Each structure stands twice: as structure tokens, then as C-alpha cells.
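Notes follow the structure.
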Amino acid sequence: MISLETKLPGLDLKNPIMPASGCFGFGREFSELYDLNKLGAVVIKAATLNPRYGNQTPRVAETAAGMLNSIGLQNPGVETICSEELPFLSQFKTPVIANVAGSTIEEYVAVAKRLDESGLIQALELNISCPNVKEGGVQFGKDPVLAAEVTAQVKETVALPVYVKLSPNTADIVQMAKAVEAGGADGLSMINTLTGMQIDLSSKKPLLANQTGGLSGPAIKPVAIRMVYEVRQHSGLPIIGMGGISAAEDVLEFLIAGASAVAVGTANIHDPFACVNIIDRLPQLLEKYGFQNVEEAIGGGNRNEANVSRS
Amino acid sequence: MMQTELIVLANEKIADQTIEMQLGLNSDNLGTEVQKFVPGQFLHVKVGEADTTMLRRPISIADVDGNGNITIIFKISGRGTDMLSKQTAGSRIDALLPCGTGYPVDNLNLDTALLIGGGIGVPPLYYLGKTLAARGTRIISILGFQKADHVFYKEKFAELGESIIVTDDGSYGEKGFVTDCLKEMDIDFDCFFSCGPTPMLQAVTNKLTGRHGYISVEQRMGCGIGACYACVVPAKSGTGFKKICKDGPVFAANEVSL
Ligand SMILES: Cc1cc2nc3c(=O)[nH]c(=O)nc-3n(C[C@H](O)[C@H](O)[C@H](O)COP(=O)(O)OP(=O)(O)OC[C@H]3O[C@@H](n4cnc5c(N)ncnc54)[C@H](O)[C@@H]3O)c2cc1C
Ligand SMILES: Cc1cc2nc3c(=O)[nH]c(=O)nc-3n(C[C@H](O)[C@H](O)[C@H](O)COP(=O)(O)O)c2cc1C
Ligand code: FES
């Protein structure tokens with residue numbers, strides 16, 4: 001019997017598959033399609049201190065093997081999320097990870113604190129990497145000093161484990177990982193979307209009202225795998241890997257590259273059953289490639305190399 | 001809502017670049033579900049694989065028959081609709097359905113309904129008109145197209161009641177926009193229903209300010225089920241917003257800011 005269980009700080013996962021933040025709302029819509037108990041965990045849409053309307057529409061565009069989005073962290077604000085959305089998710093036996101965003105360190109801390117106090121989530125994911133908001137977000141994801149600082153201040157305030165979601169829009173991903181590790185992060189989520197643009201030939205203008213957006217989907221998978229693999233060589237933090245996963249094969253690739261669990265984003269938009277289909281197929285695939293369980297597959301591709309610390 | 005495979009039963013060109021497609025269910029059990037579909041709801045259709053066409057395409061339900069077969073009408077306007085147009089009888093199409101909130105037909109008791117449609121906004125109004133007519137509502141429709149060879153369903157709308165066709169260049173019916181007709185005619189109606197491009201909806205709601213009416217709004221979609229926040233429109237009251245794919249695409253005429 002192939003076991004899909006995997007352990008991460010604060011998270012005992014029955015399988016390593018979770019929907020990625022922003023591609024699953026707060027779970028209500030998907031709960032009409034399947035039983036959310038099937039998922040390893042749920043990562044909710046970003047929470048900010050106040051409600052955010054987000055960017056002008058159009059906010060999504062299709063690309064080769066992917067999409068661009070410029071949603072702009074639309075959400076009803078942390079208070080409403082805690083009072084109206086999280087109680088719904090708590091009826092499922094599936095851990096919830098809350099994605100936290102802010103414009104200032106104080107905002108990150110305040111949002112994290114409120115979520116921590118709710119008692120309704122099992123971990124925090126600091127989104128220091130959203131490319132779609134002008135102030136905040138991405139500046140934390142590009143500056144290792146700021147990234148370490150926001151991590152440290154959130155860690156000081158909350159009891160929950162803190163995962164930091166890294167941006168691929170940086171020259172040195174390893175440096176960013178080391179910075180947040182020094183700041184006290186319990187784990188890493190990687191990667192967020194890559195900044196991109198598409199031009200509409202008939203109007204000769206960018207297709208998205210916001211001009212640029214975040215590229216996601218299969219197109220970014222090789223970048224994500226490379227980054228997970230590189231970071232795995234230099235950091236002991238467990239990694240939740242993501243970027244272009246749409247099949248069980250992709251999951252196995254991330255595990256071998258060094259991720260301990262994965263998040264599936266854009267694939268849910270193409271096929272709302274993507275997560276459950278992957279979960280159903282994973283045991284058979286692990287077996288096919290000679291793994292007894294998920295834990296054994298983690299880092300499987302570089303087990304004999306130096307500098308690999310298993311979590 | 002469900003995800004299912006529909007079987008293409010027929011695919012016919014009914015106007016320039018315009019396809020009428022009949023879709024059947026892959027299981028008899030779904031027949032009763034389809035009878036519950038509300039005019040204004042749409043299918044979110046997977047037109048290819050993630051490496052070509054990542055996003056599904058929203059296409060309105062243009063009709064539902066007693067056997068649970070669904071009609072859609074779409075215009076070939078890009079890669080996705082072009083791929084869809086090439087599906088022949090027997091092909092299977094993955095769709096989420098029914099998506100969105102349609103026209104509140106069950107709560108409306110109308111003597112006269114005015115339908116105002118433009119281009120690819122015309123199809124959902126057919127299912128609406130048919131449903132209302134079956135309840136004894138008098139139907140008046142004003143349908144706008146670019147030119148003569150874009151016109152479709154003129155006979156079908158004529159069967160429902162009075163129907164006026166306008167074309168931008170006057171090559172068929174009246175010349176001008178649907179709103180020009182509203183100006184010229186003194187139409188008596190209880191409620192209007194409009195679907196078409198946003199500028200047309202803006203013109204219609206401006207002209208009919210204060211009248212009881214419903215509009216169907218279009219926006220580029222991601223998930224189509226309310227989870228990704230791609231398709232929002234500002235609510236007219238205060239600072240809130242509505243998701244077009246879930247709260248809409250049909251809204252009361254004074255509910256959203258276009
Ligand atoms: C609720 C709703 C109902 C609709 N019903 C119909 C219908 O019954 N018949 C019909 O012909 N068309 C309808 N449309 C418009 C139809 O969805 C677009 O024409 C179609 O998606 C274009 O796809 P494409 O691949 O051919 O174009 P492309 O330009 O190649 O598409 C690229 C992307 O842009 C999106 N997109 C392009 N045009 C539109 C548009 N006008 N509205 C929303 N998204 C768009 C596509 O979905 C796709 O994600 C409807 C739209 C909505 C929102
Ligand atoms: C529509 C959309 C909305 C997103 N919103 C968020 C968000 O609110 N917070 C966040 O950290 N990441 C957000 N992301 C990024 C995803 O969580 C994920 O990191 C990225 O899309 C890569 O994975 P994928 O290729 O599987 O989609 C969003 C992505 C998409 C496509
Ligand atoms: S398309 Fe995803 S919320 Fe409407």
C-alpha cells in the first residue's frame with residue numbers, strides 16, 4: 001500500500017496535494033463539485049487588512065501553455081475572512097493555510113495575528129511575491145533584508161508555522177530563501193507567478209487593463225523546478241512546490257527536485273477536478289517509479305549529492 | 001453545477017462566422033437537470049488542452065428542448081471558438097454547466113417583455129423569450145446585427161412575437177443601433193431584458209433609466225465558477241463588486257456599473 005502521507009511543520013497531510021492560493025477562492029465553489037476532505041490541505045486566497053477591490057478588468061489572458069492574471073489581491077479583508085469564510089472550511093478534515101499579503105510590515109503582522117487568533121487555520125503563507133499590486137507585495141520579495149524582517153516580525157507575533165512564498169522575479173532565489181530562513185521561516189512556498197505581458201494586435205495595447213500580469217501554468221514549470229532544486233541544495237527548510245502542475249507526473253518531478261508537498265494553481269481553472277485526479281493517480285505513479293511512499297520520493301533525485309538536508 | 005461531457009449532435013452555420021450547435025447529454029439521468037436550466041445561464045466549455053487553450057470559453061445556453069438537448073450559438077472570433085466550430089457530430093465536449101445566475105423568470109409575471117439583443121448577445125434572449133412566451137407573456141424583440149449576413153434567428157424570434165431587426169449599415173431591416181429604435185418607438189412594456197456588447201448595454205440602460213429591466217454582462221473569465229475573481233464588475237451601491245460568472249451574468253439593470 002503506497003502511503004501519500006507527508007509531514008510539514010504544523011501540517012500532517014494525508015496527501016501532498018493542495019490547491020494554490022488565488023485559484024480556489026475560499027473553497028465554497030469547489031465544495032459543490034467534490035468533497036474537500038480529499039485534499040491534503042487548502043490554501044486560501046490572499047488576505048489583506050482591509051477589503052481590496054483589485055485591478056481593472058480584463059484581468060486574465062491566455063498564453064501558450066499558461067495564462068496571465070492581474071487580479072490584484074481582491075479579497076474581502078481579514079475580518080470577513082475570519083468570520084465568514086474560515087468557519088465554512090473548518091467543517092472539513094483538511095488543514096487550511098492562509099495566504100497573507102500587505103503593503104507594510106505592520107499590515108502583514110496585523111493580518112497574520114488576526115488569522116492566528118481565529119484558531120481556524122493550521123499555517124500561514126506570507127505572500128511577499130504578488131506582482132500585481134503597486135505598493136508592497138513584490139518589493140518584499142525582491143529585497144532579502146525586507147523579506148527577512150517581515151518574516152521575523154510575523155514569527156514574533158504568531159504561534160502558527162510560517163511559510164514564506166517566494167517570487168521567481170528575482171536574480172538570486174537562493175539568497176532570498178536563505179534570508180527568510182534566517183528570519184525564522186518554518187518553510188517555503190515556491191514559486192509565485194512570473195511577470196509577463198501580452199499585446200492585443202487589434203488595439204495595439206496590452207491585453208490586461210493592468211498592462212502586466214503574473215504568468216502561471218505549464219509554461220513556468222521548468223523555472224519552478226529549477227528554483228526548487230537550487231534552493232533545496234542550500235536551505236534546510238521544507239518546500240511546498242508549485243508552478244505549472246497539472247498531472248501526477250509533475251508532482252513527482254517537484255518531489256524529486258526537493259519539494260515536500262505541492263500546490264496546484266492554474267490547472268484548477270482549466271479543469272476543476274485537477275487536484276482530485278492527481279491525488280487518485282499519484283500512488284500508481286509512485287509505484288511505477290519505484291517509490292514506496294511520498295516521503296521516499298522527496299529529494300529522490302539528488303539523494304547522494306552533498307549539501308542536501310532532508311527535513 | 002456539474003462537469004460533464006456533451007455530445008455534439010449537429011453543427012450548422014447559420015450566419016457569417018456564426019455556428020448553431022446542438023449538444024446532447026451523455027447520460028439520460030441528466031435530462032431532468034437540464035430542464036432546470038434558467039435562461040441567461042451559460043456553459044463553460046473546454047475547447048482544447050492546457051498547452052493550447054488554457055482558459056475555458058463561456059457560451060450562453062440559447063435553447064433547451066424537451067429531450068434535454070442544449071443549443072448554443074457562437075461566433076467564430078478567435079482560436080477557441082474556431083476550434084469549437086470544427087467539432088462535428090459525435091465529438092465530445094467537456095463543459096461545466098449550468099454556470100451563473102440567469103434571468104429571474106420564475107419570479108416575473110409580465111404582460112409584455114422587451115428583449116434587446118446585439119450580435120452574440122442574441123442567443124440567450126431566445127431561450128428567455130421562449131420561456132416567457134410559454135407563460136403567456138407578450139414578447140417584443142429588437143435585435144441588432146452589423147449587417148445582413150450576420151443576421152440569424154429572425155424567423156424564430158418572429159414566432160415569439162413582434163420582432164424588429166436593425167443593422168449598423170442598413171443592409172437588412174432598419175438602419176442604426178438598437179437604441180435608435182427605442183427612441184423612435186413608443187413601446188409599452190413591463191420589463192426589458194438586454195444582452196450584448198458593453199457599449200450597447202450602457203446605451204440601453206441610459207435610455208431606459210428607471211425602467212424595470214435586466215442586463216447580461218460579459219467579461220473575460222478564468223474559472224467560471226466564482227473562485228478566481230477574474231470576472232468582477234463594480235456594484236452600483238457603494239464599493240462592493242459582483243462576480244459575473246456566479247452572481248451574474250444577469251443583473252438587474254441598476255445593480256452594476258458598466
Ligand atoms: C457569460 C458569457 C456568455 C457568452 N455567450 C456567448 C454566446 O452565446 N455566443 C458567443 O458567440 N459568444 C458568447 N460569449 C463570448 C465568448 O465567450 C467569446 O467570444 C469567446 O470566449 C471568444 O473566444 P475565442 O477563443 O474565439 O477568442 P480569443 O480572443 O482567442 O480568446 C482569448 C481569451 O479571451 C476570452 N474572450 C475573448 N472574447 C471574449 C468576450 N467577448 N467575452 C469574454 N471573454 C472573451 C476567451 O474566453 C479566451 O479566454 C459569451 C461571453 C460571456 C462572458
Ligand atoms: C488567478 C490567480 C490568482 C492568484 N492569486 C494569488 C494570491 O492571492 N496569493 C498568492 O500567493 N498567489 C496567487 N497566485 C499564484 C498561485 O498561487 C501560484 O503560485 C502560481 O499560479 C503558480 O502555480 P500554477 O502554475 O500551478 O498556477 C494566483 C495565481 C492565479 C493564476
Ligand atoms: S471567472 Fe473566476 S470568479 Fe468569475
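Backbone N, Cα and C define each Cβ position, glycine as well.
Residues or ranges marked as FAD binding site by TrEMBL: B:R57, B:P58, B:I59, B:S60, B:G80, B:T81. If you take the C-beta of B:G80 (FAD binding site) and look for same-chain residues 6 or more apart in sequence within under 8 angstroms, you find B:V47, B:G48, B:T53, B:L55, B:R57.
What TrEMBL records for B:C223, B:C228, B:C231, B:C245 is [2Fe-2S] cluster binding site. Sequence-distant neighbours of B:C223 ([2Fe-2S] cluster binding site) (same chain, six or more apart, CB under 8 Å from its CB) are B:A230, B:C245, listed in sequence order.
TrEMBL lists B:1-105 with the feature domain 'FAD-binding FR-type'. Each residue in the domain 'FAD-binding FR-type' (B:1-105) has a pLDDT score, and their mean in this model is 93.
In sequence order, B:Q219, B:R220, B:M221, B:G222, B:K243, B:I244, B:C245 are the residues near B:C231 ([2Fe-2S] cluster binding site), counting only same-chain partners six or more apart with C-beta under 8 A.
Secondary structure by DSSP for the domain 'FAD-binding FR-type' (B:1-105): 16 helix, 47 strand, 42 coil. Each of the binding-site residues B:S60, B:T81 was assessed for Cβ neighbours inside 10 Å, and the highest tally belongs to B:S60. Chain A lies within reach of B:C228, B:C231, taking the binding-site residues B:P58, B:C228, B:C231 and requiring a CB-CB distance under 8 A. In this structure, the CA atom of B:P58 (FAD binding site) is 15 Å away from the CA atom of B:C228 ([2Fe-2S] cluster binding site).
Cβ neighbour count for B:I59 (FAD binding site): 24 (other Cβ atoms within 10 Å of its Cβ, all protein chains included).
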